[in-house]
Each structure stands twice: as C-alpha cells, then as structure tokens.
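*Asks:* Sharing a structure, written as structure tokens. Questions coming.
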C-alpha cells in the first residue's frame, strides 16, 4: 500500500477566506492552499495520461460520462463476488439483513416494523431506511414474489436475488452519491481556482479520484450495504450549503441522519455552520477584546434561522410521523419510543466487533464490559465532545465554505475514534469529507497524507472483507486505486525512499517516516495471517495488531486535520 511524494515543496500558506452573503462581493475571498505548481500533481499518473487528450476540449461532458461509466463498471465487477454471510447459516450477514428488511416492510404493517423477530436482523436503522426497503421490496416482490415470503424466505440465496439486490445498490448510488460528487467538484472547480486557470479537466480528475476510492466500493458492492444513500444525502447537504440553499441543506441532512443514525458524525459541525451564518452576537465583542484582527459585524439573520429550524423540524416530522399515524390504537408514542431504542442500542456495549477506535484498542488494557454502561456512555460523550469542539468553534466563528470539508473531516474522525457503538464500516463517514480534499490537486503534501490514510482505512477493513472472502477484490482495488493516481510508478516509489534521507528531523522527515513505517507495518500485518496462524491462547493477535496500528494512524491524521482546520480558520 505505498504512497508517493514526487516533489519536495515548502509548507503551505493560506489566503484570506470567503464569508457568506452578508459580505459584499468585493470582499469575498476563499481559503485555499497556496498554489505550489501550475499543474495537477497526478500529471504523470495513468489516470492523467488517460484523460489528458481531452484537456483542450471545450466541453468535458463526454469524458465525465466515461469516468462515471468506468466507476460503475468497477462496482459491477466487485458485485459479482461474495457478500457478507454468504452460505453462513443461520443468521448469514448484512446481505440477509438488508433482504430481510425488504421482506419485513413489504409483509408487515408499519406498527410492527420495529418489533418483529428482533433476534433475526430486527430493524435497527431510522425510518428512511425502512421506507427505502419498502420501495425496493415492492419492486422485488413485483419481479419475484417468492423472494419475499416472511419467515419462509429467511436466508434465501440464489443468483437472481443476488443480482436484484446488487442492482439496487448500484441504482441507489447512481441516483444520490454520484450526482452529489459531481456537484461538489463542479462547485470546487468554479470557486476554488487553485491552478490559476479554469479547466473542466480538473473537475474530471477530482470526480475520478473520488469515485475510484475503494473503501465505499468494497463495503457497499462487496460486503453489501447502502451507505451510499446516507453519504449521498450528506454530500448533497454540503453541496446545498456551498450554494447558499440552507433550507435544502437542512432537509438533505435530516434525510442522511434518518437513513442511518451514523449521520450524527456530521451533525454538530452542520449545526455550528448553519448557526454561524445566521446568528452570531459575539463578533464585535471578540474584535473589541483583540481576538479578531479585523472588525466583523454581529449576525442576526432570524428569518433564515427560522426557515432552517422549520425545514429541520418539518423534515423530522415527515420522516417519523408514519410511525405514529399508522401505529395500533393508542400506541403511537410507544412505536416512536421503540424505534428510538432500536436505533440507539446502548445495551450492546461501547463497541461492536473489532474496530480501530479508542475503546476497542484500549480494551486490551481495560475490560470495558465490566464497567457500568452509564459510565461508558458519559465517558464516550465527554471524549467525543472534546474531540469535535475545536472544529465546531472554528466553523461557528468562521463559517467559510471552503473550510467545511476540513472541519467535517475533523469532527467525523473525532466521532469515529471516541463515540459509542462504532462499527469498523463507520470509517466511511470520516473518509467522505477527507476524500473531498483530494480536489486540491496541486498540493503534493496533502495528496500524500490523503493517499496514506485511505490505504490505512482500507487496511483496517481487511479482516472484515477477508471474512467475506473478498480477498481478490480487496487487493485488486488497493493496487488499482494507487496505480491510477500514480502512487506505484517507479519514480514515485524511488522518491518516497529518497525522502526518508532528506531534511533530517524536520516535520516532513518525521511525516515521511510515519507513513513509510506504518505502511510497511500494515503490509506485514495484512499478509502474515496467510502464513502464520495466531497462537491458540491469542486467537485475535493479528486482528488486534491491525486495529492498534490503524488507531494510531487515524489518531495522527485526526490531529493533523484538526490542526489544519484551526490554522485555516485563524488565517481567515
């Protein structure tokens, strides 16, 4: 899983930043990383070589279609492989869970959705997941009613059903996540002219790098889930914020949160930004006491604040109201309460399975299952709040559009590392805003760190994917994604080695050694289980090694992205 560093460059500086509509157009600026080259840093990569013939074209629509089509082909190829729990009775895995929810919602009234057969993949996601399952279930039932015969079809496995279920994920991603990626890169290319020239090829490169990242592909189209829906809504919310459609942003974010509760990873930051652009009575005070170097007007945009609140509350009501309206007589509130208890299962413990966060990693030293649940909940809450505060404060006092992906990355990594009941697949949430930073296609140092943390995230998912017998897909996409952006070229690999012996004891030198050492460690820990069986008294030895190394790397990256967020905010 090598990463690359082609050029040696100085540390980045920042321009002043863009505020919102309340500022005059003449003062609007954007925080950007100071251009270090006039070309994309992947100019020597196979991906750039494939796309460069289209550089002079006036319209890039054809090449955008080609990139998206190629991304879909990769997803289709991965979907031909095994899925979670295939042939593993009696509970099977996430594929059966998703199929069961289609089965359940089609055959039962809404009043029973959150009560029925909780031992066999009982519904434990918010209502929008259930409505999505209901829609897909009706389509599937129309095609093959025998796929959805409640209880009788538990654990059903056949190629036709597999094709249908896989196809629903591809369609869901095509309708939500891929358009959201397109609109983000469009905004970025239009407003963040980091190469000092407007070129749609830059947008195409960004789309390609974002869509070819293997983690989401392997989890949704290999393991089998619908994370693309939650992430698509979250990214559409970000797109709406960037285009000043704050009510629409609120609606999209509620949809993300009510599709999967893990959308909470983004919630504090989204709240801080929306509040920061509408209500901030502290600006003049902070200027008077010397915190701000330039005068800023207080913000009292009560109209937009009210509309945002109305859109948020209204969206929650629309999503949850059917649980109340269609409950059995007098059981509306009981039905709502049951859904909340299912959505937030504190009784399952502070973590589930092996995940590279603080609690699971330190569980080798402190057995958290022996501690009171209330204490664990408060501890997780305290650590999580402390980890997200810097970015939330930064975005509240500096509600700058270009700062959003940095701040979202910081808070979501904080949630992943410290919050309650995190799964290994939840790493997809911090990776979304992290990968949006790939759009800074001229920043070699940033690109190096982003490539590294994506490879470490993929490494952390290795035990899960190999348990699903997705070894071939795992290694193929790891190599393909790194090869496409030029991380595996001889020049890149050679420069990586040379950088280890330059500028001794500088920040860059320490960074290069951290990346090199952790990458070698990840490769060794990933391959050694194929050749050396873990000792009988330590059956999880290699998995614990995996999560420990991953946790250390994630923590280092969290500190970096949080520092960068605060530095960019201060420079504004």
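Think of each number as a place in line: the chain as shown, counted from 1.
Cβ coordinates come from backbone N, Cα and C, glycine included.
Nobody curates TrEMBL annotations by hand; they come from automatic prediction.
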*Asks:* Which stretch, out of 487-509, 510-532, is listed as transmembrane segment by TrEMBL?
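*Replies:* Result: 510-532 is the stretch TrEMBL calls transmembrane segment.
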*Asks:* Under TrEMBL, the annotation transmembrane segment belongs to which of these stretches: 25-47, 94-116, 163-185?
*Replies:* 163-185
*Asks:* Using Cβ atoms and a strict cutoff of less than 8 Å, what residues sit near the transmembrane segment (375-396) while being 6 or more residues removed from its termini?
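*Replies:* Long-range Cβ neighbours of the transmembrane segment (375-396): 268-269, 272-273, 275-276, 280, 346, 349-350, 358-359, 368, 403-404, 406-408, 410-411, 413-415, 417-420, 558, 562, 565-566, 568-569.
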*Asks:* Answer yes if the transmembrane segment (125-143) and the transmembrane segment (263-282) have at least three CB pairs under 8 Å among residue pairs 6 or more apart in sequence, and no otherwise.
*Replies:* no
